[in-house]
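For reference, Swiss-Prot has these:
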- CYS52, CYS55, CYS60, CYS76: [4Fe-4S] cluster 1 binding site (BINDING)
- CYS116, CYS119, CYS122, CYS156: [4Fe-4S] cluster 2 binding site (BINDING)
- CYS126, CYS146, CYS149, CYS152: [4Fe-4S] cluster 3 binding site (BINDING)
- 35-93: domain '4Fe-4S' (DOMAIN)
- 107-136: domain '4Fe-4S ferredoxin-type 1' (DOMAIN)
- 137-166: domain '4Fe-4S ferredoxin-type 2' (DOMAIN)
- 1-29: region 'Hydrophobic' (REGION)
Amino acid sequence: MLDLSIIAYLLIAICLIALIFGALLGYFSVKLKVEADPIVDQIDAILPQSQCGQCGYPGCKPYAEAIANGDQITKCVPGGQPLVVKIAELMGVDVPSMDNTAVPEVKVALIHEDMCIGCTKCIQACPVDAIIGTNKAMHTVVADLCTGCELCVAPCPTNCIEMIKVKQNPRSWNWQFNPDLIIPIVNTTELQKKMIVGSAKGEIQND
């Protein structure tokens with residue numbers, strides 16, 4: 001059997017080695033730390049975080065990094081034109097004109113409920129919780145929440161999910177507006193009151 005003093009020395013040596021390695025790791029983590037670009041975090045914060053990949057990047061953070069490096073700010077389909085305006089304001093650039101930009105076809109997922117087996121795989125895949133349902137029960141897509149990312153299609157074992165085009169109506173139409181052309185609202189009632197009071201004062205002075 002080993003002497004207790006030897007065991008104690010071994011434990012002390014192991015603790016000292018662990019402390020030394022811990023100190024070295026802490027030192028190098030600070031010394032070799034790579035500072036992240038703050039603009040990337042700011043862009044990433046306003047992206048929808050759906051991680052849908054429709055922009056051509058594997059997630060929102062890589063797309064934020066690409067924007068910071070000069071890529072187009074119009075590639076986020078779920079964010080739409082309002083997001084483009086926010087990113088343009090953050091980057092201090094002009095809002096890109098949408099006249100010559102192809103508008104992506106808006107689609108949402110549709111579950112054929114007669115084929116659904118209630119496996120919940122599409123629910124787990126949906127990044128925006130747009131699918132409702134429980135285990136071994138039919139699932140349904142909440143169209144207003146669906147971003148059309150198609151991430152729910154591949155996991156479905158019965159191929160009961162179809163991407164359908166959204167019919168354009170005043171509610172679903174992608175209203176692409178230029179914020180510089182917004183006309184401010186004027187309170188005409190107050191304006192009329194001031195004109196009446198002003199004309200009344202003029203009449204009194206003339207009398």
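Keep in mind that glycine also has a Cβ here, set from the backbone N, Cα and C atoms.
Structure coloured by features recorded in Swiss-Prot.
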residue : record                          : DSSP (3 states)
CYS55   : [4Fe-4S] cluster 1 binding site : coil
CYS76   : [4Fe-4S] cluster 1 binding site : coil
CYS116  : [4Fe-4S] cluster 2 binding site : coil
CYS122  : [4Fe-4S] cluster 2 binding site : helix
CYS146  : [4Fe-4S] cluster 3 binding site : coil
CYS152  : [4Fe-4S] cluster 3 binding site : coil
Looking only at Cβ atoms, how many others are within 10 Å of the one on CYS55 ([4Fe-4S] cluster 1 binding site)? 21
State the non-local partners of the domain '4Fe-4S ferredoxin-type 2' (137-166) in its own chain: residues 6+ outside its ends, Cβ under 8 Å from one of its Cβ atoms. 48, 50-54, 77-78, 105-131, 172
How would DSSP class CYS60 ([4Fe-4S] cluster 1 binding site) in three states? helix
Report the residues of the chain - excluding CYS116, CYS119, CYS122, CYS156 - with C-beta within 8 Å of the mean position of the site's C-beta atoms, for the recorded [4Fe-4S] cluster 2 site, in sequence order. ILE111, ILE117, GLY118, THR120, LYS121, ILE123, HIS139, CYS152, PRO155, PRO157, THR158, CYS160, ILE161
Please tell me which one of the binding-site residues listed here (CYS52, CYS76, CYS116, CYS122) sits closest to CYS149 ([4Fe-4S] cluster 3 binding site), measuring Cα to Cα? CYS52
On a C-alpha basis, identify the one among CYS55, CYS60, CYS76, CYS126, CYS146 that is nearest to CYS156 ([4Fe-4S] cluster 2 binding site); the candidates are the binding-site residues. CYS126
Check the Cα-Cα distances from CYS126 ([4Fe-4S] cluster 3 binding site) to the binding-site residues CYS52, CYS55, CYS60 and tell me which is shortest. CYS52
Non-site residues, in chain order, whose CB comes within 8 A of the mean position of the CB atoms of CYS52, CYS55, CYS60, CYS76 at [4Fe-4S] cluster 1: LEU47, PRO48, SER50, GLN51, GLY53, GLN54, TYR57, GLY59, TYR63, LYS75, VAL77, PRO78, GLY79
CYS76 ([4Fe-4S] cluster 1 binding site) and CYS146 ([4Fe-4S] cluster 3 binding site), distance between Cα atoms, whole Å: 14
Rounded to a whole number, how many Å is the Cα of CYS119 ([4Fe-4S] cluster 2 binding site) away from the Cα of CYS76 ([4Fe-4S] cluster 1 binding site)? 30
What are the helix, strand and coil residue counts for the region 'Hydrophobic' (1-29) according to DSSP? 26 helix, 0 strand, 3 coil
What same-chain residues, at least 6 away in sequence, bring their CB to under 8 Å of the CB of CYS52 ([4Fe-4S] cluster 1 binding site)? VAL77, PRO78, PRO127, THR147, GLY148, CYS149, GLU150, LEU151
Express the distance between the Cα positions of CYS55 ([4Fe-4S] cluster 1 binding site) and CYS152 ([4Fe-4S] cluster 3 binding site) as a whole number of Å. 17
Which residues, in sequence order, are found in the same chain with Cβ within 8 Å of the centroid defined by the Cβ atoms of CYS126, CYS146, CYS149, CYS152 at the [4Fe-4S] cluster 3 site, excluding those residues themselves? CYS52, ALA109, CYS122, ALA125, PRO127, VAL128, ALA130, ILE131, VAL141, THR147, GLY148, GLU150, LEU151
